[in-house]
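Per TrEMBL, the feature Mg(2+) binding site maps to A:Asp46, A:Asp114. Sequence annotations record features per position, and here TrEMBL assigns site 'Interaction with target DNA' to A:Tyr84. Under the heading compositional bias 'Basic and acidic residues', TrEMBL lists A:227-237. The feature region 'Disordered' is assigned by TrEMBL to A:227-247.
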Amino acid sequence: MTTVGVPAGWPATEEEARAVQDELRGLVVLDEPGPPPGEGRVTGVDVAYDDDLDLVAAAAVVLDAATLEPVAEATAVGRVSFPYVPGLLAFREIPTVRAALDALPCPPGVVVCDGYGLAHPRRFGLASHLGVLTGLPAIGVAKNPFTFTYAAPGPVRGSCAPLLAGAEEVGRALRTQDGVKPVFVSVGHRMSLDGAVAHTLALTPRYRLPETTRRADALCRRALREAAQDVSGRRGQDGTIRQAPTS
DNA sequence: GCGACAG
DNA sequence: ATCTTGTCGC
């Protein structure tokens, strides 16, 4: 596990954060189909919070794309770098997620985020932001439609319908299991929408959410529990931080 | 102006 | 995201 602070120059206000998004948005690569699903490696990233303890724990879990078995994993713990503001989620998650990705012993392949990419008020959600900063192909798979609209996809696994911002298709509502609420897939970086949907289907043989997300979610929660244990052990009742044990 | 709003 | 027990079902 690695520890991270808030990066120097990280936006402190919503205005600054939006300006960063407007500046980086142009760097998203949309003309690559991305690696084929079922080959190479796919990495899930997720984050868990304890706002009271000012803790963020991130996990990155690398799966073999063919078998969906984990081949590597890493975690990182840091301070909360930004409040939750709809549309600015990336500023809350990225520093710790990047640290976890950097701690991996192997290349991540395609990164699967818990949230959106292009399906975003300024077309630059978490998956796009993380993709641009790392250069990795990335997609977003979210659990709800945010402010976007969609027609219900067919009831069978694999059915999908456009996720719409007005008339613009920003992603797809995808049924990953028969009769189960769809997930909301969007392109992050260096991947086509069809590719993002195909990857998502390949990652959901059994459950609604991708195996990448499920594994990363379980791991970051565990990392948060352990970090919270450590912190409470080192903090007095007045919040004073005592010295970490030297061993 | 007010409410809704990825995680 | 997080607060949270039991419960219905494969």
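Positions of Cβ are set from backbone N, Cα and C atoms, glycine also.
Mapped onto this structure are the features recorded in TrEMBL.
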{"residue": "A:Asp46", "record": "Mg(2+) binding site", "DSSP class": "strand"}
{"residue": "A:Tyr84", "record": "site 'Interaction with target DNA'", "DSSP class": "coil"}
{"residue": "A:Asp114", "record": "Mg(2+) binding site", "DSSP class": "coil"}
Which residues does A:Tyr84 (site 'Interaction with target DNA') neighbour through Cβ under 8 Å, counting only same-chain ones at least six apart?
A:Arg92
Cβ neighbour count (within 10 Å, all chains shown) around A:Asp46 (Mg(2+) binding site):
26
Near A:Asp114 (Mg(2+) binding site), which residues of its own chain have a C-beta under 8 A away, given they sit six or more steps off in sequence?
A:Gly44, A:Val45, A:Asp46, A:Val47, A:Leu126, A:Gly140, A:Val141, A:Ala142, A:Lys143, A:Thr213, A:Ala216, A:Asp217
